Amino acid sequence: MDAFLLTMLVFVILLFIGMPIAISIGMCTAFALVIADIPMSFIAQTAFTSLDSFTYLAIPMFILAGFVMEKGGLSARIVNFASSLVGRASGGLGIVTVVACMFFAAISGSSPATVAAIGSMMVPSMIEKGYNRHFAGALTASAGSLGILIPPSIPMIIYAVTAEISIGDMFLAGFVPGGMIGLGLILAVYIIAKKRGYKGQDEGFNLERVKTTFWEAKWALLTPIIILGGIYSGIFTATEAACITVIYTLIVSFFIHKEMTYADLIPTISRAALTTGCVIIILGFATAFARYLTISMIPQMIGEAILQITDNPTIILLIFVALIMFTGLFIETAAQILIYTPLFLPILVQLGISPFHFGIILIVGTELALITPPVGVNLFVAKGITGSSMVQLTRAVIPFLISMLLVQIALVFMPGVITFLPDLFK
């Protein structure tokens, strides 16, 4: 345990001096191996074998699909449809942003892609209508985090593979919590809008406009039906669904909407490859570190230490919420999943907690990490869109952070909300 604490100290120091998360994990793993007298080849072998997974092929495919949707006009049509539904309410454009992010999240599987796609359209519109620039950026960053909770979700795939549970069932577990967080964000937007005088759209509810925008968005709205319907009907796996999504969005973008050209293809693939590369490097190093923890019996030691304090699973989950809230300030989403799953899941399963319950609490915790500095990826994307500073965005994101945290705590006490759909479809 002393070696583990020393390794974590090295990890924290590396993060504080500004070392990238992937390099920090790799270096602290190497440090741990030196102490344990384990050959350095362990890192390369473990990283390679962990990434040699058919399931992980879904990650670059869903990322690419998100960028294709942004370029091909599918995301714009989703925004127009959401606007026709809820745009007239107080803070209408803010509510439209949340609803549009929820729709887009059901397609892309990537949180930064959701922020980029929806934010590039909604933030300028909100600013033009008198919304505070920092508020607009913070809201988009917060709502965009739903990209990893509402299925399909790349972090859910990583968790399901690590926990050795069904990806399809994990996707089902995310629907209701995703809706709850979305409603919480809408409520926060409405309260702030009332206080600041952010009005909705001038025109009232227009059924004809709803019909028109729905028809224009039909190809985009069909995407989650194809993905999830195909998975749950057993027609194809999550990985095959990701590949089909890319093909489908390319066909719609090129031949139906005709808003994407061959000149756009290489830059779009390059953006997806860059994003995928960042994720894959972290996956490899974090898996090697998690494997070191396992062979060093660290999860068992931590389990014994926690059980000496309490054997109440609810209390343990609340401790975990506080822990992930803190470490989320420094550790990226995939790394948290790969490190915490082997540490906490065995203890909680032993105490009767469903792996789906723990998984959703973990995923929501990583959502919060996406909107907290210094490594909050969504804040960096929003910063690029709004031109706000990180300090300004951090202040503006606090109400949404509180809203999401309250939902996370509620989910700790309501496991049935999470496990209902997986149990129903067994």
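Each Cβ is built from the backbone N, Cα and C atoms, and glycine gets one as well.
Keep in mind that what you see is a predicted model, and the values were worked out from it rather than measured.
According to TrEMBL, the feature transmembrane segment maps to 6-35 (among others).
Among the features that TrEMBL reports, transmembrane segment is placed at 47-69 (among others).
Residues annotated as transmembrane segment in TrEMBL: 89-115 (among others).
Sequence-remote contacts of a segment are chain residues at least 6 beyond its ends whose Cβ falls under 8 Å from one of its Cβ atoms, and for the transmembrane segment (135-158) they are 55-56, 58-59, 62-63, 66, 94, 97-98, 101-102, 104-115, 118-119, 122-123, 126-127, 167, 170-172, 174-175, 177-179, 181-182, 185, 189, 192, 196, 224, 227-228, 238, 241-242, 279, 283, 333-334, 337-338, 359-360, 363-364, 366-368, 370-371, 376, 378-379, 381-383, 385-386, 388, 393, 396-397, 400-401, 404. Look at TrEMBL and you will find 135-158 (among others) tagged as transmembrane segment.
Among the features that TrEMBL reports, transmembrane segment is placed at 170-193 (among others).
Feature annotation from TrEMBL assigns transmembrane segment to 214-232 (among others).
Summarising the annotation, TrEMBL assigns transmembrane segment to 269-293 (among others).
The transmembrane segment feature in TrEMBL is assigned to 313-331 (among others). Sequence-remote contacts of a segment are chain residues at least 6 beyond its ends whose Cβ falls under 8 Å from one of its Cβ atoms, and for the transmembrane segment (313-331) they are 12, 15, 21, 306, 339-340, 344, 347-348, 351-353, 358, 361-362, 365-366, 368-369, 372-375, 405, 408-409, 412-413.
The transmembrane segment annotation in TrEMBL covers 396-421 (among others).
Counting Cβ pairs under 8 Å that are 6 or more residues apart, the transmembrane segment (47-69) and the transmembrane segment (269-293) reach 3 or more and are in contact.
When Cβ-Cβ distances below 8 Å are used as the criterion, the transmembrane segment (269-293) is approached by residues 4, 21-22, 25-26, 28-29, 32-33, 36, 38, 42-43, 46-48, 50-51, 56, 59-60, 63-64, 66-67, 110, 112-113, 154, 158, 162, 299, 332, 334-335, 338-339, 341-343 of the same chain, each at least six residues removed from its ends. Here the transmembrane segment (170-193) sits apart from the transmembrane segment (6-35); fewer than 3 CB pairs are under 8 Å, leaving out pairs fewer than 6 apart in sequence. Sequence-distant residue pairs (6 or more apart) of the transmembrane segment (214-232) and the transmembrane segment (89-115) include at least 3 whose Cβ atoms are under 8 Å, placing the two stretches in contact. Cβ atoms under 8 Å from those of the transmembrane segment (6-35) belong to residues 42-43, 278, 281-282, 285-286, 288-289, 292, 296, 330-332, 335, 375 of the same chain, restricted to positions at least 6 beyond its ends.
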